[in-house]
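Q: Have a look at the structure that comes next, please.
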């Protein structure tokens, strides 16, 4: 519209004898037999070049003595015609003047690199994209170092925002968090956003610049490709046209799966984990539109997109490899592999039981790592055995509730894992949730006795302990007969040879003797007490009282409660 307005403005200012009707202009432009035109030394926009051709050559025959100042073939005198064409050229402009400054600058850089290197345009696009991503690795690695340092300070800092519906002020809580963060020297939480802030604008700048060069028919783009994408200005077409769109969508989907692969330690996800899951689903859904978008952009842009996505995929894989993390100084030295700790603990003592019927002693026998180290262990792809080992340190602390999500996650992966069943029942028994605890113990017992009495030392320990604790849970519910049946299961077992297992076995006999004495069967109780006293003389006082027909109910009951 700007060109048409300028055209009419100059026509109004033309001299009277140059007032040729504009209706004759289309007829001249559509002439079927235009004379040959000489080549022009400088390129002009298409509109200017087309009109200039008619300005240089007239369609009417002129004598050599015609006045040079006479009007040209359009009815305009030369000064007016020249001025008109200049205005049209300024109004229309070339494609390169439509772009914003960053795009023009990048196109100039790519042109200079192409001229200097002599590489074909497809290789120029690939190499410039790789160069950009390599440069962006610096800010990314620096941000990862900051993120690692933030992770080290997180256990020492309060949450930046109060829990929902707590009634606390968000502003006051955030100011308190900022004060504590600065006091301990923790970096700002904005650092993780730096790679996103830098990479996203660069991606769109490169994408937009190459797209403009492709759509505007940049010199050399029509033959600067290779293989099936010889013309970088064309859209994907034919059977080979499916390659770029599907490769781009596939790379996007793989990158999303790797990026959102993170551990879930808690049973109930937080609000941010929930939002992250929905965002992942949204990105997964975008895979389908990306396929169709690939058919609507030039092949030059698709070449850039595939190169950029391929580098992103390689970057994600490398930054999750332990050797690469160690080279970059990003590996957490305090984190330990849970399976390694589990194997080391099993070599020390194979039993998950309780020494002297004390839960603290049992936990220390298995493993006693620093809890802070365990909390930083990622549990993704952990086996039930590893998850169970990860829960053990919580049993010796005051935070026994934290062991429950880990044990439940282990049982979700393997509902028949006996060790997790026994420990889950033990945690619930300590919390006096007797009914649920009894169910876990009985499930473990049925699994262990499915093919008869076990012979493996660890399975023997688990059977003795689960029978003990199942009997205690039954007695707490007033089911003495059912509890006695669990204790008698221990008495019917062969006496173990392993010292630790024998301790658990004798504790079970002591519980059975207490139950028998409560029911009035003092002779049977004394029988089992003699076996216990043979190995533990400290309990001889109970045997003496039983044989002397003294009332030992209160003493044995007190000892049972201590278990």
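Every residue, even glycine, has its Cβ placed from backbone N, Cα and C.
Caution: TrEMBL annotation is automatic and unverified by curators.
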Q: Checking feature assignment: region 'Disordered' per TrEMBL, candidates 290-315, 316-341, 342-367, 368-393. Which range matches?
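A: Checking TrEMBL against the ranges 290-315, 316-341, 342-367, 368-393, the region 'Disordered' one is 342-367.
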Q: Please identify the range among 242-261, 262-281, 402-421 that TrEMBL labels transmembrane segment.
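A: Spelled out, TrEMBL records transmembrane segment over residues 242-261, not the other listed ranges.
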Q: Looking at the ranges 151-169, 170-188, 189-207, 208-226, which is given as transmembrane segment in TrEMBL?
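A: Matching range for transmembrane segment: 189-207.
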Q: TrEMBL lists transmembrane segment for one of the ranges 282-305, 426-449, 450-473; which is that range?
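A: Checked against TrEMBL: transmembrane segment maps to 282-305.
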Q: Labelled transmembrane segment by TrEMBL, one stretch among 99-120, 121-142, 495-516, 517-538. Can you tell me which?
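A: Per TrEMBL, the stretch marked transmembrane segment is 121-142.
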Q: Sort out the residues at least 6 away from either end of the transmembrane segment (282-305), same chain, that have Cβ-Cβ distances under 8 Å to it, and list them.
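A: Distant Cβ neighbours of the transmembrane segment (282-305) are 121-122, 125-126, 129, 206-207, 210-211, 213-215, 221, 225, 229, 231-236, 241, 244-246, 248-250, 252-253, 256, 260.
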Q: Below 8 angstroms Cβ to Cβ, which residues of this chain, lying six or more residues outside the transmembrane segment (242-261), approach it?
A: 228-229, 236, 276, 280, 283-284, 286-288, 290-295, 299, 302-303, 305-306, 309-310, 312-313, 316-317, 320, 380
